[in-house]
């Protein structure tokens, strides 16, 4: 230990904060009465600890003076009047080295008193009573529990000296008095008849003394561990300042010494053992220091929880900054592995749980459970039309730490029973969250409304336990979230551990329990998220993402994409547990809540990360078709509500996730080696591939319009584009889909003959296959989707306004070629003055030519095909055509001389038709390379409407997020034609004005 003491970076812990000068300055801010008592405290301590200590205490006046002095100093530290704070008062009191030394000496004297001599020496007993309670449980605990982070030097010095004077070892020896002391009959041998103590009384008194010591020890362990957690976590911040590193050395060294003291003393194990013995003997009501029988159990659970939290903090920071963290973590694991400590934690948690739900006790003696006191908050709420008491959560939290910790194997009654016990606690927590939500509403009929909410949206019984179960007590609100998070964390560890028995049986058990795990996720989202703080929501989101076993989903981003016939086990469990409708419900609630609400924070943490590219496509590909389609539509509605300038809101988070899925869908069929999938090919594809195509087809109708609007708005704000890199991500995905949809339009019009191997023309493919007849122009609605929904002319014009946001300029030029070929009239209007999409200017294209020429040269050097066309000549041709249209509009007639043609292939004449024909030839040559496969396999918008896969609102601009799922929205039919449904009157009126009036009249007449 001495070697470790000298290993810190030049820190002299013995001398830190020892100057009286600083102490006088700090104490000057305290009241004069307290300063006077502080000045007398060292002298009082000296008199008490001198040779006349015991006899001096027989003088009642002297004893009262010392007791008053200690009591007043302790009281001021624990409960300072305004405007003082406990941390500031403690720092000021301890700034005086003499006071600091006096407190430590008094405590050391108290710990040196032999407990077995207290009954035979009344003076020693009085000394123990004078010092023990106000000092140990009062001032010392308050100093450690309420210290600032990082602690002032004098407080850190006090805490370290308190630990090094073997406080925990002394407390552990005091607890062990009963086991070490000889039987009461032997203790009376040789004593005068008048001084002999009855054996039963002697044993009971020793039990009380040892249990009192266990109470004090648990308080001390809790205070020390809490101090360590505060210093460790606060100093683990990403700061490189010398002061912070210096403080971090103190924290690291204190944690190491505390872990060693806990391990070497065995104080937690001894306290747990004594607690169980006292509960079985029924002596808790006789304690002097505890206010009621539940105090000792609460002190133990506080200590047990704090050591677990310290172990997790050490594990989290060990790989970054803490050199001795591995050794510290190993010692803490050993401390937490004690069988008595684990058993005591489980027994107290089970007693509280059985009190609440009346469930089984897993073979624990009912007599023992009946003697375990259960702590309540004193509050009562109404549940199931009767009063319901409120449990304190410490016992259940400690039990969850014991059952699901990563530091040790689960304690008896075994892995499966441990998991069942954790699920019971989680059901109580979820039900408590629902009841607290009803309580918060404080309106008539709140319980009925909550029950209706819990039963809507396809929620399982596990998500709404309060509706079908009755509880005699519920969990206090501040413990609901922690109980669920610990259950999720611990049950995943149990499910991932080796399991005895047959492999098939174990796999089936894991699948069933995995589904239950995801149902608990749904219960948290529905009933407990409103109680969570942001840090707890972050923990929850991390657990959800990690539960997908992301390594098993890497196939989603591999090329070529090969989808397994069956979903990976983690995805199958999530789907069986109802996570797909749960996610949609969360998104719909987040869209209606303000920024910073639990739903919005949770949505952001789930979707705004790189991992969403793995698990979201997997859910959409393997989920139930209608549920997956409803989620796609909900994401689209969120994006339609986007404020283009506020990137913190939920709607932009949805756009991030949408871009990831669009990327997967395109690249699944985009390479040259991808087999061509026309209408017939898609029909014969594997089921996961067909569903991917179907979800991509719905996404193109729901997502492209709001994403296009986002890019167009960004083109008008250069400062906004520069500070938001995700604009380039959105733009890249839109350009890919512009090419996909342009090819589909060309394919429908028979313009792709010779572009693809194996199926040369639309007629050879048996027509469009997926196109609906007419009313959509005979092309299945593709041109309308591209021209009106994607608004491709304005979009491409916006791209020309911000070339710095485009990562693939050749791709942009190819999309411009698609736009001018398919929609020449609209592009011509954009090219002339006052037309929409004002970015269509020849000078903007010509400015890109040098960079395009470099890209062409690199492509040639990498072995481009002889038939390929460079993008620089294409850009020049487009610029020339734009200049010609502008000249015609001005009456100049003829092309501009600013753009010279360097096209090396195909004839070039003066007429527009020849220019466009040459561009169509370029597109045919490039179509196989640029995402042709997915374009022919997608389901057309007209076919999607005929299938009625998503029975959504008939208003294309609908943004309503009412209800839990788009698939369950109740629609009102149009009163005239009866063929279109609307979610509300506003949508019906908007659609009527947008064109349904004429369509409705035609249907009625036809």
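The backbone N, Cα and C atoms fix where each Cβ goes, and this holds for glycine too.
Range with TrEMBL annotation region 'Disordered', chosen from 1-36, 37-72, is 1-36.
Between the listed ranges 867-888, 889-910, 911-932, 933-954, TrEMBL ties the annotation region 'Disordered' to 889-910. TrEMBL tags one of the stretches 756-778, 779-801, 802-824, 825-847 as region 'Disordered', and that stretch is 756-778. Mean pLDDT for the domain 'MYND-type' (950-1000) in the predicted structure: 84.
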